[in-house]
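Structure first, commentary second.
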Amino acid sequence: MSLSIFFFVLLLAIPTLHASDLITQTCDKTLYKDLCISTLGSTNVKDMQSLAELVLNITSSNGSETQKLIAEILNKSSNNNNFMKIYLRDCSEAYQNAVDQLNKSMAALKSKAFNDLNTWVTAAMSNAESCENGFKENPGTVSPFTNSNKKFSQLCSITLTITNLLAKN
């Protein structure tokens, strides 16, 4: 009886090991291995397609959360800081575009249009960088989104690596 339980537990563990190996081996190929593993490490995906869809969804959700944060700060900003309001509006628009581009990326991924996918994800990454760079135009103005922009760009980079690996298969 205990031997059959052992084999049953072993069978349950095999798919998890495969998923873990897939994530570890894939994340090893990214520029941001630690972020990749911390983001995807506890997930149970069965193949590269599922992994690509997952990381794209996570990246899009991160962009949406950043956009919400920008809206909150914009609503709380004082009327006497016009520069900050301009930068916040620019960032809000940049992240709206980025999320839209990531939605287009998902459609491209599902139809295996990898060149289009790369274009859209790269454009989304550029939008986060534009948000960050806008604050540098006015000396003394500090971006409240440096960490958010950095993480979003890194997630975009991870997404590009994973989708490029999928395209090679």
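Placed from the backbone N, Cα and C atoms, the Cβ positions cover glycine too.
Heads up, TrEMBL stuff is auto-annotated, nobody curated it.
So that you can see what the record holds, here are the features copied from TrEMBL:
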SIGNAL    1-19  signal peptide
DOMAIN    18-162  domain 'Pectinesterase inhibitor'
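On the 0 to 100 pLDDT scale, the domain 'Pectinesterase inhibitor' (18-162) averages 92 in the predicted structure.
Across the domain 'Pectinesterase inhibitor' (18-162), the DSSP tally of helix, strand and coil residues reads 116 helix, 0 strand, 29 coil.
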